[in-house]
Amino acid sequence: MIFNVIGAGFRETPIEIREKLSVDGDLYGVVCQVLKANCGIKDVSVISTCNRIEIYYTLPEDQIEADSKSNSDHKDTGVIQAFLSVVGVSEDIVRYFYHHRDKAAIRHLFSVTAALDSLVVGEPQITGQVKDGFRRSCELSPVSGFMRRIFEEAFRVAKKIRQETDIGRTGVSVSYVVAELAKKILDNLHDRTVLVIGSGEMAELAVMNLMRNGVTKIRIANRTFENACSLAEKYRASVVRFEHIADALTDADMVISSTGSRNYIITAEMVKQAVRGRRKSPLFMIDIALPRDIEATANELDNVFLYNVDDLQQIANENMGNRLREAQKASQIVEQETDLVMRRLNFREMTPLINALRAKLENTVRESITDKIISSPDFTDSQKQIIKRASGAVVNKLLHTHIRQIRTMHAEGKDPVPVLAEMFDLNLDDFAGQHADNSEVVTHDNPRLAVCQTDIIIRYISRLYPDIQCEKILLKTTGDKILDKALSDIGGKGLFLKELEEALMSGEADIAVHSVKDVPAVLYPGLELGAVIPEDSPLDAFISDDYASFAGMPAGTKVGTSSQRRTAQLRILRPDIEFVPLRGNLDTRLRKMREKQTDAVILAAAGMERLGMQSHIRHKFSAEQCIPAVSQGIIGIEFRTGDQNIRKLLDKLNSPPTFRRMQLERCFKDRADADCKTPAACYLETKPDGYECYMFLADTAMTQWTKHREFLKFGGENLEERISAIADKMMTVLANRQGHPF
């Protein structure tokens, strides 16, 4: 599969051309449909913003002309021309388009998603725009695992860059630049009147930044009056009916317009009429929409000063000092991650070899030992079952050794295929894509709770599939090895998954068992959560040898927890308690409490109950007191996306109600970019007719927090969209420093 991108961006393409190329509404689906039908495209995702139009797509290798295979920047004019025909633009602008393929396309996607190729470097909105575009692609038609993996990697890299650099610390977003321009133009903003047209994200961010810079007279207009009222109420602004915009121009000192209209909201004639009543008072207008909301010829009128998104570039550049320095670090991360992804994608070419090797070993053991013993009358049925299980274990041990050899040779740039194919007399064509039917391998990390959870899953599998023999592989993860540092300082809970997921990708293991609360929002490319079992208690538990309750602890006593989420919420309840970081597995934390390193510990109730240690729990915190972590209390199973045999197994094992709760809560986690550094919580309590939704979010410095509670009715609006919108608003509150102080 060949990964491609064609696009026209703000660097190469003037705004008057970009606005003709913009795609929204029903046109999005038409573009995808035409490109797939006429260009042999398998997957397609369209990103259309005020700064760019980009189309990401995949093609089978045999679809690429031989003379262009060696040139990663060969321009795919066929796809470009098909796109231009849909949007009704002349083909003579093909020269403005760029085209990248494979590694160059992946590098470009990573840079775009991380906002390194934006008008304002580091602007966070672009990541959400790429996510929205890809989500819409998935809704329109199935997306291959190959395409999904690349986009999920892009989201992971963008998050990594925000965590490991300061690229997003200084305010230089488009909305920030608008506020900066307003200060330069109007000097004192306190007594100025600003008319904002639109109620979307960019309009709201502009309102926020204007208020932070002293603007008190803001009027909001929107085609949907209710949306204008909602935004105005939130920021104590006044409302202008959409049909009265022309009248409002007369009184405004500045106009900011950001709508999704394809026609002018403000014409030059409207501005001309407004100027007549302004007594030569200058009117400053900023148009951050694409297509543009304000007719460009309005700028030719006396005392009218009109700026569009391209005009904001100069101001953006003046504020980029620190971000550009951080962008260099970010670019290095993009380059490293691109190389890593390419190695992973290339390693997938080893799958036929691993499948063939597995089948060869199984056939050899079966022909040499298992079949002879099973057909022999000298063994009892129970003895035959023991020998059959032992044979499966032998196969897995041998396979484990050879997979490590394959991985080592591949990392060294050597091709293991001819060596092992000759050594074992393998026919890769016969075995490619096959999977053993009689032995599924469960992998888990070493602590007692993880072993217990793995045994629970094995019992589920054994009940449903008595013929499948499961073997546990003991792996010690990076997170298990580093116990002297806080999780937020060493890379988060993803460190507990790294080795497990590598075992899955290499074929060493078939499934991995996780506490879903510890699973990052973006998974390793090519892997997915395929099933969950019915949930256990999602609540947090208070455990202490000395105190009966958290509320009854004296001031100054110590509570141990490794969770920023728990610390943030419980500090609100008891600011007089000292919260100390406590790493280690469940048994280690209890031992540290008994050694009086802490007076109490807070742990997930589900883990204690699974180990039969519920008698240690003094009480559980209600969701009102301490909102649980995303998907707390849920055991999930991860597997390789393309493994259809395992998918069928997991479909029968899965609990749909619990899986749905997990999906929705992880939607919040993804939207809020929540990890162990982010004090974030989301819990959907299932009711007969919907979910009682609890959400919590604090800044990483834990200086402010915000909370939200809402009932989400089954069968109502799109729940993913509603949860994403709530997460966006909560992040906006924190970004605007409007949260509750700790």
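The backbone N, Cα and C atoms fix where each Cβ goes, glycine too.
From a predicted model like this one, the values you see are computed outputs, not experimental measurements.
Now, the feature entries from TrEMBL:
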{"type": "DOMAIN", "residues": "6-165", "note": "domain 'Glutamyl-tRNA reductase N-terminal'"}
{"type": "DOMAIN", "residues": "180-315", "note": "domain 'Quinate/shikimate 5-dehydrogenase/glutamyl-tRNA reductase'"}
{"type": "DOMAIN", "residues": "329-426", "note": "domain 'Tetrapyrrole biosynthesis glutamyl-tRNA reductase dimerisation'"}
{"type": "DOMAIN", "residues": "448-647", "note": "domain 'Porphobilinogen deaminase N-terminal'"}
As a quick check of your reading of DSSP, tell me how many residues in the domain 'Tetrapyrrole biosynthesis glutamyl-tRNA reductase dimerisation' (329-426) are helical, how many are strand and how many are coil. 86 helix, 0 strand, 12 coil
Taking DSSP states H, G and I as helix and E and B as strand, how many residues of the domain 'Quinate/shikimate 5-dehydrogenase/glutamyl-tRNA reductase' (180-315) are helix, strand and coil? 58 helix, 31 strand, 47 coil
Can you check how the pLDDT averages out over the domain 'Porphobilinogen deaminase N-terminal' (448-647)? 85
